[in-house]
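Q: So Swiss-Prot lists the following for this protein:
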ACT_SITE  Glu84  active site, proton donor
ACT_SITE  Glu115  active site
DOMAIN    56-219  domain 'SIS'
Amino acid sequence: MIDLSTLTTERRNDETFNLDQMTVKEALVKMNNEDKKVAYAVEEALPNIEPVISSAIEAFNKGGRLIYMGAGTSGRLGVLDAAECVPTFGVPATQVVGLIAGGDKAMTVAVEGAEDSLELGRQDLIDLNLSENDLVLGIAASGRTPYVIGALDYAKEIGAKRASLSCNLNAEISKHAEFPIEVDCGPEFLTGSTRLKSGTAQKLILNMISTISMIGIGKVYNNLMVDVKPTNEKLVERSKRIIMQATDCTYEEAEEKFNEANQDVKLAIVMLLTDCAAEEGKTKLVKANGFVKNTLN
């Protein structure tokens, strides 16, 4: 039998013993107070998050991938963060990948036993053709999910970089990673429900890892997402606004260059900032490794 009694995420919260007797307002205040603790817990982990981001940047520069792996809520959060990288940063869906124990079906329904399989974690990475240039980030609130451990151990065999994210201290998965992240948010508002504070902490950290690593490979100019993909009307208008903000041009100028650049926001910005045509702008960006700032030198 697995002993979960020592895990912080499984302990009862002294502040919510009488949860079923609270009014809606009382429960809301309690839950909000618990949630306030999460950002401070994440702050404590910043020194351990930094090397994971550096490793992700290194992986991207080598043509490698960032691969999130988890089960249940942890897996879903990884899939969500990976999916958002495509429209936000204009990267291919293969560059940041989210894998969940049990496959796509597990995004909406529980797949019994999937998280308990070491072999399944290994096999999912084999199917993905894991390489030594990749970074695997195993996510498990409990810090002991076999699916994640199996994946991390296979990554070690291949020579890929390994990171882990747990919401318990001294987590088992930390022993299987080069770059372990452990966040102690305290017991959950609802005992054992790690979709709450643990899930919030994981989301905050995944936001940090994906966003700051993308900054590190030139996907941002100032604080603007210049590689955004205008896949709908809202994003088309946002793209023009980004061009205006980056170059201090008019709406009409932004629209003109946006169209000349074939709706490539970053290229339109370089064309305006360096007063060049589209082809020359492309050449400048290639020489600058995709960093807008470096085209201005």
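Quick reminder: no glycine exception, Cβ is built from N, Cα and C everywhere.
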Q: Going by a 10 angstroms cut-off between Cβ atoms, which of the active-site residues Glu84, Glu115 has the sparsest surroundings?
A: Glu84
Q: Please give the average pLDDT for the domain 'SIS' (56-219) in this predicted model.
A: 96
Q: What's the CA-CA gap between the residue listed as 'active site, proton donor' and Glu115 (active site) in angstrom, rounded?
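A: If we compare the Cα positions of the residue listed as 'active site, proton donor' and Glu115 (active site), the gap is 24 Å.
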